[in-house]
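The next block holds one structure in the form of structure tokens; read it before the comments.
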Amino acid sequence: MFRSIAVLSALLFAFASAKTCKYDSSDFEVYWRFANNSINMQFMNTDIKNNEWTGVGFGDDKNNFVGVFFMVSNNQVTVRTGSTTQHGPPTFTQSGTNTASVSTQALNYFPEDKTMSAVVQIPIQFNGRSLQSCQKWRFVKSGKIENGQLTRNDKSPKEKKVCPMECN
């Protein structure tokens, strides 16, 4: 427990020491800032179980948005990029295609707290879209992972209109 608090505190301090934006809800705590043509983000889901997925999507069309998705399996977190719809499971970007990659600084899962935390750097030109302009960000609570396959998410993603350039 102390270890999880120490890691989360260090991550929060790193983001809090710069000008940041924040989204906070009952299930999420997300911090981000725009720098060097990237969005530096700490994404934390505070109610996710093993064998579930979560993520953040970008785009005004709820039936077609790109995103960064986090899978918790065997108490380990992996990250992938792709696209999805309001309730559908993500379709992942194929490796080797001409898409911008997400850089991962930290991935942590604390099963006793059901908390997943990730620190990622997302390029402003992401999967064929520009994240520079104001648009809706969609925070996907969770979906199940069954036999290695992601299922649809149970709840509609929470939305927030974000203008990442105005946070710096």
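Indices start at 1 and increase along the chain as displayed.
Just so you know, glycine gets a Cβ as well, placed from its N, Cα and C.
Taken from Swiss-Prot, the feature signal peptide applies to 1-18.
What Swiss-Prot records for 26-143 is domain 'DOMON', and it gives sequence analysis as the kind of evidence. In this model, the domain 'DOMON' (26-143) carries an average pLDDT of 90.
In sequence order, the list of same-chain residues 6 or more apart from Asn36 (N-linked glycosylation site) whose Cβ falls under 8 Å from its Cβ is empty. Feature annotation from Swiss-Prot assigns N-linked glycosylation site to Asn36; the stated evidence is experimental evidence.
Here Swiss-Prot flags 148-168 as region 'Disordered'. DSSP places the residues of the region 'Disordered' (148-168) in helix, strand and coil in these numbers: 4 helix, 10 strand, 7 coil.
Remote same-chain residues near the compositional bias 'Basic and acidic residues' (152-168) are listed as 19-21, 23, 25, 27-28, 32-35, 39, 53, 57, 62, 86-89, 124, 131-143 (criterion: CB distance under 8 Å, separation of at least six residues from the stretch ends). Marked as compositional bias 'Basic and acidic residues' by Swiss-Prot: 152-168.
Mapped onto DSSP helix, strand and coil, the domain 'DOMON' (26-143) counts 0 helix, 73 strand, 45 coil.
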